[in-house]
Amino acid sequence: MTNTILDTYSSRRKPRRIGILTSGGDAPGMNGAIRAVVRTAIQNGCEAWAIHEGYEGLIQGGAMMHPLYWEDVRGFLSRGGTLIGSVRCDRFREREGRLQAARNMVLFGIDALVVCGGDGSLTGADLFRSEWPELLNELVSTGVLTVAQVAPHQNLNIVGLLGSIDNDFSGTDATIGCYSALTRICEAVDAVFDTASSHRRGFVVEVMGRHCGWLALMAAIATGADWLFIPERPPRDGWEDDMCSIITKNRNRGKRRTIVILAEGAQDSNLDRISSSAVKDVLSKRLGLDTRVTVLGHIQRGGSPCAYDRWLSTLQGIHAVKAVLSMTPESPSPVVIIQENRIRTSSLAETVALTKEANASMHAKEFEKAATLRDPEFMEYHSAYRHLNTSDHPKMVLPEDKRMRVAIIHVGAPAAGMNPATRAVVAYCLTRGHTPIAIHNGFPGLCRHHDDTPGSVREMHWLESGDWINDGGSDIGTNAGLPLDDIETTAQCFERYKFDALFVIGGFEAFTAVSQLRKARKQYLAFRIPLVLLPASMSNNVPGTEYSLGSDTSLNTLVYFCDVVRQSASSSGHSVFVVEAQGAEYQATAAALAAGAMTVYTPERGITLQSLSNDIEYLRQQFSKDHGANRSGKLIIRNDQTSTIYSTTEIANIIKHEAKNRFDAQGVVPGHFQQGGKVSPIDRIRAFRLAVKCMEHLETFAGQSPEEIMNDENSATVISIKQSRILLLPMGGPTGVEATDTDWKRQRPKTQNWLEIQEAVDSLSGRSSLYAIPN
C-alpha cells in the first residue's frame, strides 16, 4: 500500500478511529474485550480497528491493521485466547520501533488505542503516549510525514485493560483471565483426585503466576490442598518438617490423597527457588509417599472463558470506549479496573508502578509489603487457609469455656457451595475445639427424624466432610420447610441437643427461617443463641448481599448450555433458540451478557405483544442482512417467572410463525441441569472465606447469657458481600436487613445492583431502542 493511498486515511475527516490490540501473554476473556470495544465504538459513531499481533502489528502496519465491523466479532465471547493475535514485541521497547508505530498510527488515522495486556504491555503504552509529541515532530522533521498529515493527530488517547491470568496487578480485584485460569487448574486437580486416592499417592502440582502467588493460593483453597508454596509467603526454615507433620496428621486421619500446590515463583526466605522436584523428594524420602509432579503449564491459559471473565471483559471493554471518548489532551492514561465489585478507572502509570513495587518488595525480602500490594483479599485468604490447615495446633484451640456446640443446617433448594461451606465450618470448629453438629434434611428432618437410628442430628468428623471441597448439592440434605411449621418440636430439639449456635446455609427460605427463629426468642429460650446465615442460592436473591453461593456455578452451567445451543443454532443457519433460565432475574440477565444473547426477558422488564413484535422485526432485519454468514444463530434468554402467558414454548412458536419460513425458532429448558455439577472455583473460595468469617462472628458470643444474646441485634445476622466488603448485617431492628432490604412478596432484595447489565446486553446485541443494526 503506497503512501498516497494511505494518506487518504488521515486526510478525510471521518469518525474517531479506536485501535484495539492485545499484547503479551494471552488470557481468556480478551476476545470478550475486543467484541465490547468494537461494538461500543460503533454504537458511539466511531470506527474500531484491529491491530494484529500486538505492538508488532502496530510497527508493521499494512494488513496487520484493518477495520472491524459489527458482525466481525460475532461469536468472540466463547473463544479462548485472542483472535487478533499477540506477541511479545522487543522492537517496541526501542525508540525506533515506537517511531514506526507512530507513523502507522497517523497514516491509518488512528488516534486512540485500547491496549489489553500485562504490566509490560501497559508500561509500553504509557511510554508511547508520553513520547507522542516528540515522535510526531521527528517524523515531520525527517520528512517521513508532513505537517498536514500529523495535524489531526496531535493527541493520542490510550486506555489500558488488565489482561493477565496471574492477577498480579495492584489496585484491582481481578484481571481478565485470572478466574478462567483458576478454573483450568481446579479441573486438573479435581481429575488428579481420583488417581491420587486410588493409589494413596501424593501430587505436587505446579501452577503459573510468575512472581505472584494468587493462582496458587486460590487453587489451594479451592482444592483443599494439604500444603502451599507462594512467593509472597516464603516458608520458614525447616519447612520440610512442618509440611511432613501436617501431611502425616492428615494421612493418620484416613485421608488417601495428598495435594501440594506450588507457585512457579515459589521461594524461601533467602529468595532461593523451591522447585516441585525438591518438594517431591521430601515427600518421597521422608514419608515414603508415592509422589508425582504435575506441571500444568500453558493449559492454564487455554479453554473457553468462564462466566466471570466474560462479563468482566465485556463491561470493561464498554468502559474503555467511554473513557476514550471522555478524555481530554491533559487527561492521564487510565486503566480500567474492577474495584469493590464495580468497574472503574485508575491511573495507568500508578497501577503499573504499584505492581512493580510489589515485585521489588519481594526481591528486597519485604514479603509483608508485597502481600499487601496484591489483591485486597489476598492476606485474609492466606491467613484463613493457614489456620484451617493447621488443625490440632495447641495455639488454635480455645479454652473449654469458649467452645461451642455449633449446629449446621441447610435450608431451601440445593445450591453449589453448600458442601464446601459446610466443610470449612467443620474444619474451623475442629481446629478451634468446637463441636460441629449436622442437622440432616433441614427443619423437617430435625423434627421428624432426630430420634431415628441414625438420627438426623449427628456430630461431624474431619474425614466425613474432607472430600466435599468440590461436591455440588447438599450431602446433609436440604429442605424448604420452616421452623414455624412445627416451632414447638424445633425448640425442644434445640434444647435437647444443647445447641450453642446455629449456622444456616441457604437461600430466601433460609433467610425466612432465621427471621422466624429470631422473632420466636421471646417465647422460646432455646432460640436465644447466636444465629448466622450464609446465603446460598442459584437465584442470588438473598436480601442484604450482592452474592450468594451457588450463583456462579449455576451461571457457568447455564452459559455452557447456551454455548452448546448457540453452536446448534449457528450450524443450522437461520435459527433462534429461546432458553428458559431458572434463578430469578439475576441468572437470566448475567447469562445473557456472558453468552452474548440477543435479549433477555425478565419479570422486572416484563414482556408484551408489542415488545415481542419488535424483537421479531429485529430478527428479520438481522437474518436478511446475514446472506449466509457463519455463526448466524440467535439466542434469547427468558427467566421462567417472566410471564404466565408468554411461556418459553409459546414465544418460540410465535417467533417461528411470524418468521414465515425465513428462520426457525425453538424453545429449550435446561431445568435442574442449571444447578450445576462440581462447584465452581469462585463458589469454593467464597464458601471458604465466608464460612470462616461467620464462625469468627459466632465465637464472639461464647460465654454470653441468653438474655445478652437476645438483646444484641448482631446475634442474628446474614453475612453479606457488598461491593468487595464482607459485612455481617443484623437481621432485625429498624436498620436491619429485614426492614430495609427485603421484598417479602417477591422474595428478593429491594436493591437490585445488576440491573444495569440489561443495558449492556441490548447495546452489544445491537438491539437498542430502535431495534436496528447500527450502520
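Cβ coordinates are placed from backbone N, Cα and C, and glycine is handled just like the others.
For the beta-D-fructose 2,6-bisphosphate site, Swiss-Prot gives SER537, MET538, SER539, ASN540, ASN541, GLN582, GLY583, ALA584, HIS672, PHE673, GLN674, GLN675; the one candidate out of ASP552, ASP563, ASP615, ASP640 that the record lists there too is ASP640. Swiss-Prot annotates ARG88, CYS89, GLY118, ASP119, GLY120, SER121 as ATP-binding residues; of GLY19, GLY25, GLY29, the candidate listed for that same site is GLY25. Residues SER164, ILE165, ASP166, ARG201, MET208, GLY209, ARG210, ARG292, HIS298, ILE299, GLN300, ARG301 are recorded by Swiss-Prot as substrate binders, and the candidate that the same record lists for that site, out of GLU138, GLU232, GLU264, is GLU264. Long-range Cβ proximity for ASN541 (beta-D-fructose 2,6-bisphosphate binding site), meaning a same-chain Cβ under 8 A and a gap of 6 or more residues, is found for GLY507, PHE508, SER548, ALA584, TYR586, GLN747, ARG748, PRO749. Beyond the region 'Interdomain linker' (391-404), the same-chain residues lying 6 or more positions past its ends with a Cβ under 8 Å from any Cβ of the stretch are 249, 427, 430-435, 462, 500-501, 698-699, 702-703.
For MET208 (substrate binding site), the count of additional Cβ atoms within 10 Å of its Cβ stands at 23 [all protein chains shown]. For the recorded site, ARG292 (substrate binding site), the DSSP three-state label reads strand. Recorded residues PHE673 (beta-D-fructose 2,6-bisphosphate binding site) and ARG292 (substrate binding site) have their alpha carbons 35 Å apart, per Cα-Cα distance. The Cβ of GLY118 (ATP binding site) lies under 8 Å from the Cβ of SER23, GLY24, GLY25, LEU162, GLY163, SER164, ASP166, ASP168, each of these being in the same chain and 6 or more residues away along the sequence. Taking the mean position of the Cβ atoms of GLY25, ARG88, CYS89, GLY118, ASP119, GLY120, SER121 as the ATP site, the remaining same-chain residues with a Cβ inside 8 Å of that point are SER23, GLY24, GLY54, GLY117, GLY124.
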